[in-house]
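*Asks:* The structure's right below; bear with me while I get my questions together.
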Amino acid sequence: MPHSTLLLCVIGLLAFSSACYIQNCPRGGKRALQDTGIRQCMTCGPGDQGHCFGPSICCGEGLGCWMGSPETARCFEENYLPTPCQTGGRPCGSDAGRCAAPGVCCDSESCVLDPDCLSESRYHSPADHSAGATSDSPGELLLRLLHFATRGQSEYKQ
């Protein structure tokens, strides 16, 4: 009787353990999934021109940021993918923040105005750098006025 109880306990522990059985092993072993690189986050927004920054945040170079709108519905699918993603732009604001649009820094939960994201050259259109262009675009002017009016980091939460 004690041998059958011990055998039953061992079989029970094996059934509930996270061992890699032959039928469900990923290629390369059970640690292979952790070795994969960080991928680009899903595209979103009108014409798939933006990238997901969180489950309900979609930002793009020419779009600005959409929060909690129908354009962000696709971003919710990012939660179901097994590998992590990283959006473009340089780090800003909090530890997990990234420059999402000109003057906007987003993490997975919120976005804040950040003047450091204004100076990033990847967010300026080629027309702004042409020989005949001496003033800012209307969007940049509006963003600077908004930043001036808020005087600091105004946080927008969903």
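A Cβ is built for glycine as well, from the same backbone N, Cα and C atoms used for every other residue.
Sharing the features that Swiss-Prot gives for it:
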type	residues	note
SIGNAL	1-19	signal peptide
DISULFID	CYS20-CYS25	disulfide bond
MOD_RES	GLY28	glycine amide
DISULFID	CYS41-CYS85	disulfide bond
DISULFID	CYS44-CYS58	disulfide bond
DISULFID	CYS52-CYS75	disulfide bond
DISULFID	CYS59-CYS65	disulfide bond
DISULFID	CYS92-CYS105	disulfide bond
DISULFID	CYS99-CYS117	disulfide bond
DISULFID	CYS106-CYS111	disulfide bond
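Situate these features within the shown structure.
*Replies:* Counting only residues at least six positions away in the same chain, the Cβ atoms of ILE38, ARG39, GLN40, CYS41, MET42, CYS52, GLU78 sit under 8 Å from the Cβ of CYS85 (disulfide bond). Secondary structure at CYS85 (disulfide bond), taken from DSSP and collapsed to helix, strand or coil, is strand.
Long-range Cβ proximity for CYS58 (disulfide bond), meaning a same-chain Cβ under 8 A and a gap of 6 or more residues, is found for CYS44, GLY45, GLY50, HIS51, CYS52, CYS65, TRP66, MET67, SER69, GLU71, THR72, ARG74, CYS75.
Cβ contacts within 10 Å of CYS75 (disulfide bond), excluding its own Cβ and spanning all protein chains shown: 24.
Neighbours of CYS92 (disulfide bond), defined as other CB atoms within 10 A of its CB across all chains, total 19.
Residue environment of CYS117 (disulfide bond) contains 24 other Cβ atoms, counted within 10 Å of its Cβ in all protein chains.
When secondary structure is read from DSSP and collapsed to three states, CYS111 (disulfide bond) falls in the strand class.
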*Asks:* Taking the Cβ of CYS41 (disulfide bond) as centre, how many other Cβ atoms lie within 10 Å?
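*Replies:* For CYS41 (disulfide bond), the count of other Cβ atoms within 10 Å is 21.
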*Asks:* Give me the Cα-Cα distance between CYS111 (disulfide bond) and CYS92 (disulfide bond), rounded to a whole Å.
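*Replies:* Spelling it out, the Cα of CYS111 (disulfide bond) and the Cα of CYS92 (disulfide bond) are 11 Å apart.
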*Asks:* So which disulfide-bonded residues out of CYS92, CYS106, CYS117 end up within 10 angstroms of CYS59 (disulfide bond), measuring C-alpha to C-alpha?
*Replies:* CYS106
*Asks:* Mind giving me a neighbour count for CYS105 (disulfide bond)? Other Cβ atoms within 10 Å of its Cβ, every protein chain shown.
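*Replies:* A 10 Å sphere around the Cβ of CYS105 (disulfide bond) contains 26 other Cβ atoms.
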